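Asks: Dumping the structure here so I can ask a few things about it.
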Amino acid sequence: MVALIGNVNIFRFCGDMLHVVAIIILLSYIWKSQSVFGISGKSQILFALVFTTRYVDLFTSFISVYTNSLKVVYIITSYVTLYLIYIKFRYTYDKSNDTFRAEILIMSSCVLAVFVNHYFSPSEFCWTFSIYLESVAILPQFFMIIKNGDTERLIGYYLTAMGSYRALYIMNWMYRYKNDGFYDSIAANSGLLQSILYIMFLILYSKRNDFRLRIVRNQQKNTLLSEPTLLPQPSRWPGISMKV
């Protein structure tokens with residue numbers, strides 16, 4: 001049994017399942033709508049880079065069937081998503097609004113991985129780089145939604161599942177620290193940063209929607225006030241009213 005799932009607690013398991021659900025939601029949305037409109041290709045490139053660099057040990061290190069299977073799923077689905085965005089449904093990709101400078105995130109993560117790590121080696125650099133990059137990989141998607149001013153409901157579900165997955169991973173680290181005395185400052189701090197970004201986006205997006213709703217209501221109110229009111233005209237004959 002240990003060889004199948006390894007040392008996996010309930011928080012990590014639920015977090016992993018939510019991550020898988022988020023991926024399924026995203027791919028289902030693309031396939032059913034036959035469109036990638038509203039999806040940031042840059043965020044998906046960053047996620048593909050995250051999983052590729054994190055799991056360079058896929059064929060050299062075996063942890064458990066559960067863990068290694070998830071590694072394969074994450075890598076394959078990330079490149080399937082890129083294929084759908086940039087090849088199969090490329091004509092529906094909203095490139096004009098996907099303008100976040102993703103290269104800044106990549107370079108910043110590289111610099112941090114070089115100077116802030118547990119120890120320096122090629123495999124450790126790749127793992128540390130992937131942790132830093134994952135914490136900010138969703139930023140192009142957030143930027144795209146704010147720029148567009150709206151998003152599809154299923155994309156909202158995708159982001160909710162991704163945010164919940166990271167929240168459960170924070171609980172997983174707290175659980176491991178309490179029960180095993182294990183604490184990874186790089187993973188924990190990066191996960192905390194990612195959760196803060198999700199919360200900030202939710203607050204900003206909610207305020208933006210409230211502001212837009214107030215504008216629409218004011219416009220409707222002004223339209224009603226500006227419309228002329230037609231009053232009944234008096235009849236030439238007493239006691240008889242004319243309908244206008």
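Just so you know, glycine gets a Cβ as well, placed from its N, Cα and C.
Features from TrEMBL:
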{"type": "TRANSMEM", "residues": "17-33", "note": "transmembrane segment"}
{"type": "TRANSMEM", "residues": "72-89", "note": "transmembrane segment"}
{"type": "TRANSMEM", "residues": "101-121", "note": "transmembrane segment"}
{"type": "TRANSMEM", "residues": "127-146", "note": "transmembrane segment"}
{"type": "TRANSMEM", "residues": "155-174", "note": "transmembrane segment"}
{"type": "TRANSMEM", "residues": "186-205", "note": "transmembrane segment"}
Asks: With a Cβ cut-off under 8 Å, give me the same-chain residues at least six positions beyond the ends of the transmembrane segment (72-89) that come close to it.
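Replies: Residues 19-20, 23, 26-27, 30-31, 34-36, 39, 41, 44-45, 47-48, 51-52, 55, 58 contact the transmembrane segment (72-89) from elsewhere in the chain.
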Asks: Thinking of Cβ pairs under 8 Å, which stretch from 17-33, 127-146, 186-205 has the most of them with the transmembrane segment (101-121)?
Replies: 127-146
Asks: Can you tell me which parts of the same chain pack against the transmembrane segment (127-146), counting only residues 6+ beyond its ends and a CB-CB cutoff under 8 A?
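Replies: Same-chain contacts beyond the flanks: 38-40, 42-43, 46-47, 49-51, 53-54, 94, 97-100, 102, 105-106, 108-110, 112-113, 116-118, 155, 159, 162, 186-187, 190-191, 193-194, 197-198, 201, 204-205, 208.
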